[in-house]
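**Student:** Before I ask anything, here is the structure I am working with.
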Amino acid sequence: MTVYYTLTFMLLAAEMATFCVLVAPLPHVVRKKLFHFLSESPIIAKLAYGIKIAFIFIAILFVDAVQRMWRVTAEADLAKSAGSGAQDVRAETNMAARKFYAQRNTYLTGFCLFLSLVLTRTFYILLDLIHAQEEYAKLKNEVKSPKGDQAKQIEDLQKKLAATEAKVKDYDILKKQAEQNAKEYDRLATELNAKTGNVSDKRRD
């Protein structure tokens, strides 16, 4: 197996190991830290960018392997149909080996590409699940905490209402005092006018 197909096999093995780690029944805290590290680490981001470039070359290898498999299969079928009863064992073995290698390379690159898609989709599904669990925990805490907040708000509203009622009472008291003062002023003014009128009448007399 050539170097690039060996590297493809190593990448496929790494994908299988990563997939097993992602779907393993890990504790929630460990899974949360792992996914936050994988999604937020700049090193992982650079590594993912390099792997994406590698998958472009693997896709090219996949197309080439498929073409070779079709060509070898066509040559094998042509040799079977055109050959006589006694065929060269060496040539037949060589043709079978070429067909096997072409199929192996096709399956290797195809599974590598397919598993990359499955791995990426699984990662983002689990990441969304973790975010949903975090949002649910926040909402659950917010649902529990408002009991204390509502009691505090009710207490503040009661204090404001009491202060407002006190201000209304003070206003009523001031209003009554103002009315009483006005009545007293009118009474005194009336008496003063009456007394002033009597004095003037006496001087005239």
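From the backbone N, Cα and C atoms, a Cβ is placed for every residue, glycine too.
Note: TrEMBL annotation is automatic and uncurated.
Look at TrEMBL and you will find 147-195 tagged as coiled coil. Among the features that TrEMBL reports, domain 'BAP29/BAP31 transmembrane' is placed at 1-138. Residues or ranges marked as domain 'Bap31/Bap29 cytoplasmic coiled-coil' by TrEMBL: 152-198. Summarising the annotation, TrEMBL assigns transmembrane segment to 6-26, 47-66, 107-130.
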**Student:** If you run through the domain 'BAP29/BAP31 transmembrane' (1-138) with DSSP, how many residues end up as helix, strand and coil?
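**Tutor:** Secondary-structure composition of the domain 'BAP29/BAP31 transmembrane' (1-138): 125 helix, 0 strand, 13 coil.
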**Student:** Average the pLDDT scores across the domain 'Bap31/Bap29 cytoplasmic coiled-coil' (152-198) and report the rounded value.
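**Tutor:** Taking every residue in the domain 'Bap31/Bap29 cytoplasmic coiled-coil' (152-198) and averaging pLDDT yields 73.
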